[in-house]
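Q: Annotations per Swiss-Prot:
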| type | residues | note |
| --- | --- | --- |
| DNA_BIND | 15-54 | DNA-binding region |
| BINDING | GLY89, ALA90, GLY91, ASN92, LEU93, GLY94 | NAD(+) binding site |
Amino acid sequence: MRTTLQPGLTNRLTKYLRVTQQLIEEGRDAVSSKELGDFTGINPVQVRRDLNAIGFSGTRGVGYQAYDLVEAVRGILGLRQTYNIALVGAGNLGSAIASSTILPKRGFVIHDVFDNDPQKIGRTVGNVVVKHIDELKKSVAEADEVIGIIATPASAAQQVADLMVEANIRVILNYTDVLLHVPPGVTVHRIDPTAQLMHTLYYLTQAETEEAAPAT
């Protein structure tokens, strides 16, 4: 049974994983807590605490073995298998998601793409042929897709979420600004670039205020 993690720790571990995987792609064999902290904006002390919490330790003066760290975090997060994804929405955003080369490297495969626009159905986005939304339930069952991504106009989001729930999808990533209503047992993660931008601008404003403050 996988260890139950607090949401905050899970979020930080995914950041460490992403950074370490990128460093491996750049040819690195080891990574320090300071580097992980610098790239994620997390205090290095917190980094060490988090990794100690999952039973992973580094070597003084060397840091953490990158490959071992990736395997440890992937194991804790349950990412050692491949997950098929059903993506609804073949517009600009959906096409960009389907064409991503990063997702497969992280164990996520856009297996099916759906839309209700006749002009989009049948064309290829990424490596996937767009299907009609009416095929969602059947395709999800055949491909064992447990993750759904909503990249539609906001007006269609709730209806799509309902279809995903009916298809037994249990994790939904919502790229719209609609607050979705789903039954217990279904998890919705809202991807909100605006919130991230406001979060970033807050720290930018704080830094500018500190720079403008007179010295004492």
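Note: Cβ is positioned from N, Cα and C throughout, glycine not excepted.
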Q: For NAD(+), what surrounds GLY89, ALA90, GLY91, ASN92, LEU93, GLY94 with a Cβ no more than 8 Å from their Cβ centroid?
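A: Everything else in range on the chain: SER95, ALA96, ILE97, ASP115, VAL125, ALA151, THR152.
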Q: How many helix, strand and coil residues does the DNA-binding region (15-54) contain under DSSP?
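A: The counts are 29 helix, 2 strand, 9 coil.
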Q: Quickly jot the same-chain residues contacting the DNA-binding region (15-54) by Cβ under 8 Å, restricted to those at least six beyond its ends, or write none.
A: 3, 9, 62-67, 69-70, 72-74, 76-77, 79, 105-106
Q: Considering every residue in the DNA-binding region (15-54), what is the mean pLDDT value?
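A: Over the DNA-binding region (15-54), the predicted model scores a mean pLDDT of 94.
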Q: For the binding-site residues GLY89, GLY91, which one has its C-beta crowded by the most other C-beta atoms within 10 angstroms?
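A: Most Cβ neighbours within 10 Å: GLY89.
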Q: I'd like the Cβ neighbour count for ASN92 (NAD(+) binding site), meaning other Cβ atoms within 10 Å of its Cβ, all protein chains included.
A: 9
Q: Enumerate same-chain residues with a sequence separation of six or more from GLY94 (NAD(+) binding site) and a Cβ-Cβ distance below 8 A; give 'none' if the list is empty.
A: LEU87, VAL88, VAL113, ASP115, VAL125, ILE149, ALA151, THR152
Q: Measuring CB to CB from LEU93 (NAD(+) binding site), give everything in the same chain under 8 Å that is also at least six residues away in sequence.
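A: Long-range Cβ contacts: ALA151, TYR175.
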Q: Could you tally the C-beta atoms, other than its own, that fall within 10 angstroms of the C-beta of ALA90 (NAD(+) binding site)?
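A: There are 27 of them.
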